[in-house]
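Enquirer: Per TrEMBL, the feature active site, nucleophile maps to 11. Summarising the annotation, TrEMBL assigns active site, proton donor to 13. If you look up TrEMBL, you'll see 11, 13, 212 marked as Mg(2+) binding site. The substrate binding site annotation in TrEMBL covers 187.
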């Protein structure tokens, strides 16, 4: 039941904000969570920013946060690389901020084609150039056994004017050229939900995943055995729910309607 939820795992882009501007009702919802002694964790597949960047941004927006309030696809990817590759060389297509976050985990990154590269990583990159695409295509074509991972499968990222290509779209472009598909680390991978439960101390029964995408946010909740709520302020439309295999427990027009529903219940 909604009134029993204490831990809220919220997507950012298209769910509580668009282009850095908060969607109406977001602050009221966050205050409600704090008032009941709960916790909110933002789970985003946007890998253009580090957790430190997000903390600074959200404090500037007037939301009470610290680094424990964020689990990003870039953070999960860094943990994965740290565990599986240690000091091995990793070729990266991503923003400067993403690469700096990987380096903070002592990941041995490079943006150049070198002989001893063990893995290629692609992230949502709003600094993308054709040269970067050319390099990773050459790497994956000439080293066919090299590992290939990506931060997230999202095809588009919401903006105030519509959408722009996200990591999933970049990976589709690469696949058309070299016929390779990556392993995706971010949502809908259950790694994200499990990390949140482990870090928060709450149970899955006390948790709700809230997002605007069926195939990442809602699928992540389902894969993690956590209840889900879809908001219709981003990618998914109401008619999409009829055809998807990822069915949310709850559907709301926006975060404000979700907040008002919970307040009326209690």
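Don't overthink the numbers, they just go from 1 along the chain as shown.
Note: Cβ is positioned from N, Cα and C throughout, glycine not excepted.
Values in this document were obtained by computation on a predicted structure and should not be read as measured data.
Describe each of these features in terms of where it is and what it packs against.
Expert: According to its DSSP assignment, residue 11 (active site, nucleophile) is coil.
Sequence-distant contacts of residue 13 (active site, proton donor), defined as residues of its own chain at least six apart whose C-beta falls under 8 angstroms from its C-beta, comprise 44, 46, 157, 158, 212, 234.
There are 26 other CB atoms within 10 A of the CB of residue 11 (active site, nucleophile), with all protein chains counted.
Secondary structure at residue 187 (substrate binding site), taken from DSSP and collapsed to helix, strand or coil, is coil.
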